[in-house]
Amino acid sequence: MTAEDSTAAMSSDSAAGSSAKVPEGVAGAPNEAALLALMERTGYSMVQENGQRKYGGPPPGWEGPHPQRGCEVFVGKIPRDVYEDELVPVFEAVGRIYELRLMMDFDGKNRGYAFVMYCHKHEAKRAVRELNNYEIRPGRLLGVCCSVDNCRLFIGGIPKMKKREEILEEIAKVTEGVLDVIVYASAADKMKNRGFAFVEYESHRAAAMARRKLMPGRIQLWGHQIAVDWAEPEIDVDEDVMETVKILYVRNLMIETTEDTIKKSFGQFNPGCVERVKKIRDYAFVHFTSREDAVHAMNNLNGTELEGSCLEVTLAKPVDKEQYSRYQKAARGGGAAEAAQQPSYVYSCDPYTLAYYGYPYNALIGPNRDYFVKAGSIRGRGRGAAGNRAPGPRGSYLGGYSAGRGIYSRYHEGKGKQQEKGYELVPNLEIPTVNPVAIKPGTVAIPAIGAQYSMFPAAPAPKMIEDGKIHTVEHMISPIAVQPDPASAAAAAAAAAAAAAAVIPTVSTPPPFQGRPITPVYTVAPNVQRIPTAGIYGASYVPFAAPATATIATLQKNAAAAAAMYGGYAGYIPQAFPAAAIQVPIPDVYQTY
């Protein structure tokens with residue numbers, strides 16, 4: 001080997017050694033030199049794993065436990081070409097960074113958000129206060145807010161006779177890091193639980209690993225499947241605010257316990273200290289005149305029995321006024337939460353089943369739900385569960401309170417009285433059918449549907465024309481204008497008139513509209529023989545596929561043919577069976593609404 005060869009070999013070995021020192025995720029990065037300079041300046045490590053690049057965690061020379069909960073902030077709206085070399089100087093200006101996690105994409109760019117954990121809680125609060133809307137680039141503002149480090153899981157499907165200790169023991173057998181189990185007693189029978197529990201873990205990572213392990217189909221507890229999901233994290237209220245609270249939250253009360261009994265029990269230490277008591281089912285809020293009286297009552301009555309039930313007493317957590325105002329505004333359909341095209345719950349009521357048809361009740365959505373839905377009613381997981389994802393104060397849905405008695409009349413006076421408008425679903429679209437009728441989705445004004453809240457759910461338009469036709473037929477055929485072919489209208493009208501005269505009695509004056517969708521109910525009516533005449537409705541009849549679509553099919557042309565074709569109802573589709581066979585309307589036909 002010559003001297004030149006040895007020199008080349010040494011230089012290649014040196015290059016290989018230097019490249020080996022570059023951590024994974026930094027090597028080959030667009031700003032590799034800037035990241036290496038940052039690591040050299042601060043002494044922090046940097047590694048990429050699981051789709052995120054971690055800077056620090058812990059910082060050099062760190063001794064002690066992991067930072068407490070509430071030390072992490074979420075950073076959003078990050079330009080995709082901004083990396084740690086620009087973010088770290090900004091965030092370390094307000095406090096010592098314990099760890100920064102930048103979410104990365106496969107192309108080497110960031111995903112637009114990151115998490116910054118500080119060593120102390122007050123530093124995180126300062127970062128939110130000072131760095132929110134910070135201009136990281138000209139015209140590009142960062143969004144900084146507190147990060148929710150959720151360590152709590154919801155577990156459903158628990159046998160109702162199991163006690164807290166039994167549940168804790170069983171969960172600790174299959175998962176690690178369990179700190180506590182919260183079990184609520186049944187309101188009706190305090191000897192039973194409500195069939196679910198909340199499990200608190202020592203860290204978010206431990207909770208995430210437990211959730212993955214307990215997913216349905218992997219592990220059975222007590223011999224059957226369980227339901228697992230994230231629970232709503234506890235509201236983190238500022239300590240200074242909590243120092244002013246003089247309201248107690250009391251739970252696990254008996255249903256028959258009265259407000260007077262609660263007031264007497266909590267006011268025994270200082271007569272007159274209780275201002276008022278508000279009891280809701282099995283929990284209550286007790287308002288005191290001073291914080292000292294509230295703390296004294298809490299310390300003495302927590303864990304004691306009242307009318308045979310063990311009380312749980314804590315200080316009530318107030319709701320952030322700014323957030324509450326935002327939630328209320330969203331619940332009313334204003335502000336950032338724009339009202340989607342969703343059903344109006346003032347739509348016609350079926351007096352026989354007391355159901356609002358036009359939309360299923362198990363999918364109540366839209367800006368009006370704060371009038372009709374309480375917390376937990378959609379998935380029924382109770383206080384603190386993950387059933388209702390929308391943020392809001394505890395005991396409310398979307399930040400709103402239950403309207404209570406008289407809500408229906410107040411609703412009609414307000415949102416129910418709106419100007420009716422037409423809905424043109426697909427402009428300039430005609431759908432050919434097998435009969436001489438062309439169905440064209442028209443601009444139709446539907447009674448009792450307000451201008452803002454439509455009954456038709458918004459859906460993205462298909463890219464292909466043929467897909468659009470199929471999509472329209474299947475999902476958006478509710479308001480239709482049936483336009484018969486003029487060439488076949490006369491023959492169809494004559495045939496329909498003859499068939500109608502033989503089966504359906506002549507009606508001189510059209511009866512009032514029943515206020516319900518008129519559909520071919522002979523296919524579902526019990527003990528009613530189907531009419532054998534196949535052409536009773538003529539060539540222009542368009543059947544409805546779903547009885548939940550509350551719509552009137554009208555003949556836009558030739559009113560005389562309409563009156564003859566539909567047995568004198570002049571535009572309304574009649575019930576397709578003889579009037580003497582069964583009384584109409586049929587109450588049990590519409591139970592599926």
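Yeah, the Cβs are placed from backbone N, Cα and C, and that goes for glycine too.
Because the structure is a prediction, the values reported are computed rather than measured.
Features reported for this protein in Swiss-Prot:
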- 1-20: compositional bias 'Low complexity' (COMPBIAS)
- 71-149: domain 'RRM 1' (DOMAIN)
- 151-233: domain 'RRM 2' (DOMAIN)
- 246-318: domain 'RRM 3' (DOMAIN)
- ARG332: omega-N-methylarginine (MOD_RES)
- ARG394: asymmetric dimethylarginine (MOD_RES)
- ARG394: omega-N-methylarginine (MOD_RES)
- ARG405: omega-N-methylarginine (MOD_RES)
- ARG405: asymmetric dimethylarginine (MOD_RES)
- 1-25: region 'Disordered' (REGION)
Counts by DSSP class (helix H/G/I, strand E/B, coil) across the domain 'RRM 1' (71-149): 19 helix, 31 strand, 29 coil
Average model confidence [pLDDT] within the domain 'RRM 1' (71-149): 91
The domain 'RRM 3' (246-318), counted residue by residue under DSSP: helix, strand, coil: 19 helix, 26 strand, 28 coil
DSSP-assigned states of the domain 'RRM 2' (151-233) in counts, ordered helix, strand, coil: 21 helix, 28 strand, 34 coil
